[in-house]
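*Asks:* What Swiss-Prot shows for this protein is this:
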BINDING   Gly172, Asp173, Arg174, Lys175, Thr176, Gly177, Lys178, Thr179  ATP binding site
SITE      Ser373  site 'Required for activity'
Amino acid sequence: MAELTISSDEIRSAIDNYTASYSPEASREEVGTVTDTSDGIAHVSGLPSAMSNELLEFPGGIVGVALNLDATEIGAVILGDYQNIQEGQEVKRTGDVLSVPVGDAFLGRVIDPLGAPIDGLGEIESTENRALELQAASVLERQPVEEPLQTGIKAIDAMTPIGRGQRQLIIGDRKTGKTAVCIDAILNQKANWDSGDVNKQVRCIYVAIGQKGSTIAGVKAALEEKGAMEYTTIVAAPASDSAGFKWLAPYTGSAIGQHWMYQGKHVLVVFDDLTKQAEAYRAISLLLRRPPGREAYPGDVFYLHSRLLERSAKLSDALGGGSLTALPIIETKANDVSAYIPTNVISITDGQVFLESDLFNKGVRPAINVGISVSRVGGAAQTKGMKKVSGSLRLELAQFRELEAFSAFASDLDAASKAQLERGARLVELLKQDQYSPIPVEDQIVSIYLAGEGIFDSVPIGDVRRFEKELLEDLKHSAAGVYSSINGGKALDADNAAALIAATNKFKEGFIASDGSRVVNEAEADALGADEVENEQINVKRKTVSK
């Protein structure tokens, strides 16, 4: 057997070759140290080059956001479980600002504010990211809000219309139906989504901030039942999450929506609700020892909401003509809309829908107070048909409310006032809707027009909603041409109006009220002419009795 021998020259040559080809990989890394931590906030020393809003890496893969940049230390908000963060642990810079993955893969999913799925349906494949803090579109990049976004709620679409690119505040006390109004708006986009027309389709994002987990699950179940989850993304920061997640959740939803908007698509974002985001930001600011202001909120709480809501826009045609519509929700206490956060958001948005607890308790649902609800876009965001029939609706309801209050103290009213009260009561009944049951705009136009023409005046109040439902089903066949005209974007002309009235009167003849009576108006007697006054004749018909 041959003996294996290696000469020292060969060993020396191999070592020389290795050292000649070796190039050490040196990397420079800034490392800081946690000086103290509590309640989701960590103070870190030793990161002199850290940027504002930069992501920091804590042990265990937990990340934080640098908010306070002081001379000797950084105040960071920990995103995630902060129970294991301890004093003395190392913290590293990432060099990245806070961003979230975006794309169509997020439709139908439930995610946390960092874009991670929490619905148990697997990972979300995404190739693009978008920073959470991005500048809103400039004035020259926008165009006026003129395209309607139908909510399916008669009281809103008729009197406080919402346009694509608008910011409409939904405000009211707790348990007055604020979330239900926004969910109805999402459900009403189903027909547009099924049409397959990109110009009609609206992608929806529901951002739940500080809500109970069961509430978020209920919203998801309602959307799934109606087939709306296929075009909806839910960003969830439930009450059990840290203040950092509640603070960031609206920006995550907005970033995902902006991605679609700049692709020329239309987006609806619901922020439920911004009161809890402001409270979370207040907690963060106080823990970071920032000076408190009114109601202990920090001085930049207005900027917190303004930079979020200013991202809503209808982009110019040069940028694709996409839109981002925002429905922020604010919770009031005892109907006080003059508190700090409500007045801030009212001044930022393009109108508000005020839901009143007294109306809700009376059974008026949605409990919209049309007196102080307003849309600054107005008729520009309505179809021609709706704009024509809804012009006097707000005035009639306002006069009804005023007369109703007066009649409580009046013992006797004239016939005209009684008729106005009767019609107003039927208008209020007509504007009621069941939860999660949006109504197509063509049905809304027909109902409001017929109410204005007095068709419902002879219908008992308890039968108004049943009469409306059965009438609309009948008119879709007996007045199909009128519906086609309305769907084509046209206003009701004289011929269509006459056809609608004729078909309605025919249906009315066969309608039986719940008490068994008919609702057909009796024929009105013609007034006497001037030459007939004081010359009236009475004709007496005698009955012959057979014996």
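Cβ coordinates come from backbone N, Cα and C, glycine included.
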*Asks:* Specify all same-chain residues, apart from the site residues Gly172, Asp173, Arg174, Lys175, Thr176, Gly177, Lys178, Thr179, whose Cβ lies within 8 angstroms of the center of the Cβ atoms of the ATP site, ordered by sequence.
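*Replies:* For the ATP site, the extra neighbours are Glu331, Leu355, Ser357, Phe360, Ala367.
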*Asks:* For Thr179 (ATP binding site) and Ser373 (site 'Required for activity'), what Cα-Cα distance in Å is obtained after rounding to a whole number?
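*Replies:* Distance (Cα to Cα, whole Å): 17 Å.
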*Asks:* Measure from the CA atom of Ser373 (site 'Required for activity') to the CA atom of Asp173 (ATP binding site) and give the result in Å, rounded to a whole number.
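*Replies:* Computed Cα spacing between Asp173 (ATP binding site) and Ser373 (site 'Required for activity') is 15 Å.
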*Asks:* These are the recorded positions: Thr176, Thr179, Ser373. Which one scores highest on other Cβ atoms within 10 Å?
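*Replies:* The residue with the most neighbouring Cβ atoms within 10 Å is Thr176.
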*Asks:* According to DSSP, folded down to helix, strand and coil, what is Ser373 (site 'Required for activity')?
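*Replies:* Looking at the DSSP assignment, Ser373 (site 'Required for activity') belongs to neither helix nor strand, so coil.
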*Asks:* Work out how many Å separate Gly172 (ATP binding site) and Ser373 (site 'Required for activity') at their Cα atoms, rounded off.
*Replies:* 11
*Asks:* Can you tell which of Gly172, Gly177 has the least company, meaning the fewest other C-beta atoms within 10 angstroms of its C-beta, among these binding-site residues?
*Replies:* Gly177
*Asks:* What is the number of other Cβ atoms found within 10 Å of the Cβ of Lys175 (ATP binding site)?
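*Replies:* Lys175 (ATP binding site): 12 neighbouring Cβ atoms within 10 Å.
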